[in-house]
Amino acid sequence: MTISKQRPIGVFDSGVGGLTNVRALMERLPMENIIYFGDTARVPYGTKSRATIETFAMQIVDFLLENDVKALVIACNTIAAVAGQKIRQKAGNMPVLDVISAGAQAALNTTSNNKIGIIATNTTVNSNAYARAIHAQNPDTLVRTQATPLLVPLVEEGWLDHEVTRLTVREYLKPLLVDDIDTLVLGCTHFPLLKPLIGKEAQNVALVDSAITTAEATAQALAQAGLLNTENDSPDYRFYVSDIPLRFRTIGERFLGRSMEQIEMVSLG
Ligand code: DGL
């Protein structure tokens, strides 16, 4: 039993953005070993078709299963939106957590006026996955989604408090604010880094950070499955990517909030 609890949690994303989830997991579950895979050679996923994303996602899951993970965390909203079901089928009894289920639940728990806004990539918005997850629990909730693709490169550029980003956010949020949302889901790995700026542009709106809510859901799922690692003072963190682009470490460390010691390159498919 102890041995199986020592197995790592597998976290994956289309690229570097999922490190926001790793950061939240490290804070919430400091004794867990973690393996991260970021598909940096094929990012972005947010503009790709469902079929392509499904194929890529299954390759990543195979890699993580070969590495003997005890649970899977789908950190990428786009993967969760289009391939979540397939991944669960493949994983069998293993706990599978994803940012959309956790984010939708947190939004429902947060809203008072039952009006929720979602900002995400084009593919996530087109999949309607957030609205489906919310309406499955409360069909009367007003869900307004807004594709915000420009925010991904702005975050990667590090323009977290830049005038260009502020104006872009302001423009994107206009229709959501007109609809009087009181809760906004940051439905993309990159957006937790924009919390301070979005908070200023959407005053009196509660922000749902799916990285934090997913870490909480992971803690609960592991506890339920008897898989929580409670005896590990020096957790092992391994980072795998399909490419190491220029500035990867700088951007990655910004997302992670600490230095990345081991980064290894593997090619999938
Ligand atoms: N990780 C993606 C998401 O959360 C954003 C980047 C991409 O488009 O691949 O939707």
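Residue positions begin at 1 at the first shown residue.
Each residue, glycine too, has its Cβ placed from N, Cα and C.
All protein chains included, Cys76 (active site, proton donor/acceptor) registers 33 other Cβ atoms within 10 Å of its own Cβ. The active site, proton donor/acceptor annotation in TrEMBL covers Cys76 (among others).
Look at TrEMBL and you will find Cys188 (among others) tagged as active site, proton donor/acceptor. Close to Cys188 (active site, proton donor/acceptor) in the fold, though at least 6 residues off in sequence, lie Gly17, Gly46, Asn77, Thr78, Ile119, Ala120, Thr121, Thr124, Thr148, Leu151, Val152, each with a CB less than 8 Å from its CB.
Annotation source TrEMBL lists substrate binding site at Asp13, Ser14, Tyr45, Gly46, Asn77, Thr78, Thr189, His190. Ser14 (substrate binding site) falls within neither a helix nor a strand when secondary structure is assigned with DSSP, and so counts as coil.
In sequence order, Asp13, Ser14, Gly17, Gly18, Thr20, Asn21, Ala75, Cys76, Asn77, Val99, Ala211 make up the list of same-chain residues 6 or more apart from Thr189 (substrate binding site) whose Cβ falls under 8 Å from its Cβ. Fewest Cβ neighbours within 10 Å among the binding-site residues Ser14, Asn77: this applies to Ser14. In the three-state DSSP reading, Asn77 (substrate binding site) counts as helix. Around His190 (substrate binding site), the same-chain residues six or more apart in sequence whose CB sits under 8 Å from its CB are Gly17, Thr20, Leu151, Val152, Val155, Glu156, listed in sequence order. Cβ proximity to the substrate site centre (mean Cβ of Asp13, Ser14, Tyr45, Gly46, Asn77, Thr78, Thr189, His190, cutoff 8 Å) flags the following additional same-chain residues: Gly15, Gly17, Gly18, Val43, Pro44, Ala75, Cys76, Ile79, Thr121, Thr124, Val152, Cys188.
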